Amino acid sequence: MDIVTAQEMYERDQVAIESTGIDGKMLMESAGRSAADDLEPRIKREDQIIVLIGAGNNGGDGFVIARTLLNRGYKVEAWQVVPDEKISGDAEAHRNIFENSGFELKKFSRMEEFLPSLYQAAVIIDAMLGIGVEGRLRSPLAEIVEKANEHEALRLAIDLPTGLPAGEGVHDFDAFNADYTTIIEAPKVSVFLQHTTPYYGEWSVVEIGLPVKKLPEVKRYLWSVKDVKQTMPKRVSHSHKGKHGKGVMAGGSYYMPGSIAMAARAALRSGTGLLTIATAESIIPSVTSYVQEATFSGLAEKEGMITGQATPELSKYDGAAIGMGLGRHEEAGGLVLHMLQECKGPLLIDADGLYALKSMLNALKNRSLPTVLTPHPGEFAYLTGVPIQEILQSPFRLSREFASAYGVHLVLKGPYTIITAPDGEQRVDMTGNAGLAKGGSGDVLSGVLFGMMLQSENILNALSNGCVIHGSTADFLIQEEHSKTDLLASDLVEGLSRTFRTFSAPSKA
Ligand SMILES: NC(=O)C1=CN([C@@H]2O[C@H](COP(=O)(O)OP(=O)(O)OC[C@H]3O[C@@H](n4cnc5c(N)ncnc54)[C@H](OP(=O)(O)O)[C@@H]3O)[C@@H](O)[C@H]2O)[C@@H](O)CC1
Ligand SMILES: [K+]
């Protein structure tokens, strides 16, 4: 499913109108009726409903919703919260249809007159502003939103909660605080930002009949389980283990043997054919007891950490991963540089590997093969020097700038993980839950991503699939034997089996 900015949404509407002859009034009718259908299961016959209608086309949707619900017998008061002359075009046409249908339209003039209606409502439907919002809310919308947010009622928003920016990078706003939002046609970028997502409440998307074949391409896509099922590499029955990737994973230290162990086991559970763990010699016995299927390459160590002189043999591997449990010591830099220069396949750098990478970012540009970086926002802030708050407010733009500047695939982890290819194409993974906010789940993700990278030539698909598989595993586990509190990273590793069984395409004989 595409994810759009306001500008991209306007372009889509324009293309629909110009290429098919469908007109704005038809789209508005379709939007309003689809939204009413979507909201209906959330409201009850006896509920007093108030529909708040603004000046633009979002308000136009509101006229259609109010009419549809009134026609269906619901108790609805429709309030136009802007002066008559503000309403024009398609919205005006739908106001006429509303009034010509014999329904009363109330008009806001003074707060004292309006508040009793607001306060007797059990359900508020917000059709005041959508993607056309500019700047902070003006009067009287600002006050209406404030009162609506204070009033205990079910708050439902149409397309966007009023006042919320559709795009990223805006932090100065007041907005309707919705319990649920019916999004028209495509989720907007602000659905996926930490500071704006709470305003949407739960949400779903209704389609309004835009011509799918004619729509301009958007390089931002919500990657779902359906996409995973369609793009998972098939394992054929006569396959040989060498065909599924021979990888080497470097990392681990005396004080963090679990990171590399879990990453390695996750890579194997994700289909890696042969895996070598290059790690500090002293921890091989403890790691091997958890990952019996791996082979080992013992690296020289100092105080329990791999030294900068350690240079694992890379030429016989299809790809490499580095960083998990490596430790943040100066010498790690030598190892990371060695991997950047000598790895002749896809290379994944995570965790402590990212810290070491900071001083050699330009070396990324010399690699012609895919390099994947998997930072969380704190690590990305460290790599870019951009404050973390700014990253959280503009993750799409900053990811794209970084991926393009250094020619890397970037997996920016979070409740909504954003995966960006060097050409700027982006995918969002929204699977997973708070049970993942624990030490070790990033290591498991790296293992899964590495396994997927070794088995697919399409790195962007491999990463998108890996993220959804990891998050869905956490989701399955808390629906069944675990809770968000007790879920451990090692549970995820074992849980992968069930996810792969569910997601894998049927194998060919
Ligand atoms: N064909 C389509 O495009 C379709 C679009 N659809 C729907 O239309 C929505 C987009 O419609 P839109 O472009 O009219 O914008 P929208 O958000 O309704 O309001 C803009 C108005 O708000 C006002 N305003 C702005 N900022 C403000 C502020 N801070 N504080 C106060 N007021 C402010 C501004 O008024 P003015 O500045 O003139 O006072 C302007 O007139 C979209 O979200 C979807 O729901 C569907 O029907 C499907 C077909
Ligand atoms: K709205």
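Heads up, the Cβ atoms here are built off N, Cα and C, so glycines get one too.
TrEMBL lists Lys413, Gly414, Pro415, Tyr416, Thr417 as AMP-binding residues, and of the candidates Gly385, Gly440, Gly442 the one it assigns to that same site is Gly442. TrEMBL lists Asp126, Thr162 as binding K(+), and of Asn58, Asn71, Asn96 the one it places in that same site is Asn58. Figure note: comparing Cβ neighbours within 10 Å for the binding-site residues His376, Lys413, the maximum is reached by Lys413.
In the three-state DSSP assignment, the secondary structure recorded for Thr417 (AMP binding site) is strand. Ranked by Cα separation from Asn58 (K(+) binding site), the binding-site residues Val133, Gly135, Asp159, Thr417 are led by Asp159. Those same-chain residues not listed among Lys413, Gly414, Pro415, Tyr416, Thr417, Gly442 yet with C-beta within 8 angstroms of the centroid of the AMP site C-beta atoms are His376, Leu412, Ile418, Asp429, Gly432. Per Cα geometry, His376 is the residue among the binding-site residues Asn57, Ile131, Asp159, Thr162, His376 nearest to Lys413 (AMP binding site). A straight line from the CA of Ile131 ((6S)-NADPHX binding site) to the CA of Tyr416 (AMP binding site) spans 21 Å.
Using the Cβ center of Asn58, Asp126, Thr162 for K(+), the list of other same-chain residues with Cβ within 8 Å runs, in sequence order, Leu52, Gly54, Gly59, Gly62, Ala127, Met128, Leu129, Gly130, Ala157, Ile158, Asp159, Leu160, Pro161, Gly163, Phe176. Tyr416 (AMP binding site) sits 11 Å from His376 ((6S)-NADPHX binding site), taking the C-alpha atoms as the reference points.
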